[in-house]
Amino acid sequence: MSHPAAETSSFMTDFLRQSGGVAIIDGGLATELERHGADLNDPLWSAKCLLTSPHLVRAVHLDYLEAGADIIITASYQATIQGFEAKGFSRGDSEALLSKSVEIACEARDVYYGRCREGSPDGSDDGRVLKHRPILVAASVGSYGAYLADGSEYSGNYGDAITLETLKDFHRRRVQILAESGADLIAFETVPNKVEAQAYAELLEEEDIKIPAWFSFNSKDGINVVSGDSLLECASIAESCKNAVAVGINCTPPRFIHGLILSIKKVTTKPILIYPNSGESYDGDRKEWVQNTGISDQDFVSYVNKWCEVGAALVGGCCRTTPHTIRAIYKTLPKRSAALSSQ
């Protein structure tokens, strides 16, 4: 569906109203794919599954929908044309893989709607949420650092050689393809610095992208984005971008989120989205998560209510969060269950 500029401004507010005031974003993808049996020992981790095991990607999307998610994010975070070409794929095949990430998510939504029609009338189906509701497919765009797969998406330091123009050229074709793939919006995720946010905003304008987008930054100190750039300046770029329908934070420890919401509120009138990590720390040298450093789903959920009180309108999880986390969020949002049952 296309969303001309006039409609774009009301796109997210309409969706949030239909969602009962707060919308739920899905949770982590990679860990869940591994749990379903995928082998992610590859720089292109979740993207590799688009090729080898699309049924597993679809199964994870479905798990999240059945946990109560209103927005599912495609497995394209690390899927880039340049990355696929480096693996020996042709340009055409690389572009088809990007589109496929959206097709898989759209298929999951269709299957889910089918299950809702067949599901139990009282909506309590062995713990699954089977409720026909508006569901958005967000096409994920990871940063240039995610393509490098060297951890620089967590430092935001690309070096002087990488300019605004370099970044626009890097992302241009990928954004065009995802915008035409049938997704409802583009999710610019884990944006680590100001120049990349600026590149995205200019691309949306230059390429006359017809679907809305959200901008989600990451922080490791609770004050700035990971590069050290000012969060206020980064959020202001999203605020002045006419395609942007939400701005927020992902891939960040939960303890920082409350303060970050308050900061973003100073510069934006757009809905604020929040999908943090579980709080576990990642060991970049060993390429593994450090066990028992995160918080429980119960603690995560107690944070969620506070985040919504101070202004978050879209909440979910990022790395190491699971369908259990999302189901717990679904159950904890009282406004929402009341609003849905009165529809």
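Every residue, even glycine, has its Cβ placed from backbone N, Cα and C.
Per-residue pLDDT, averaged along the domain 'Hcy-binding' (11-333), amounts to 91 for this model. The domain 'Hcy-binding' annotation in TrEMBL covers 11-333.
The Cβ of Cys318 (Zn(2+) binding site) has Gly27, Gly28, Thr190, Asn250, Cys251, Thr252, Tyr275, Pro276, Asn277 as same-chain neighbours under 8 Å, each 6 or more residues away in sequence. What TrEMBL records for Cys251, Cys318, Cys319 is Zn(2+) binding site.
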Let's check the environment of Cys251 (Zn(2+) binding site): how many other CB atoms sit within 10 Å of its CB? 23
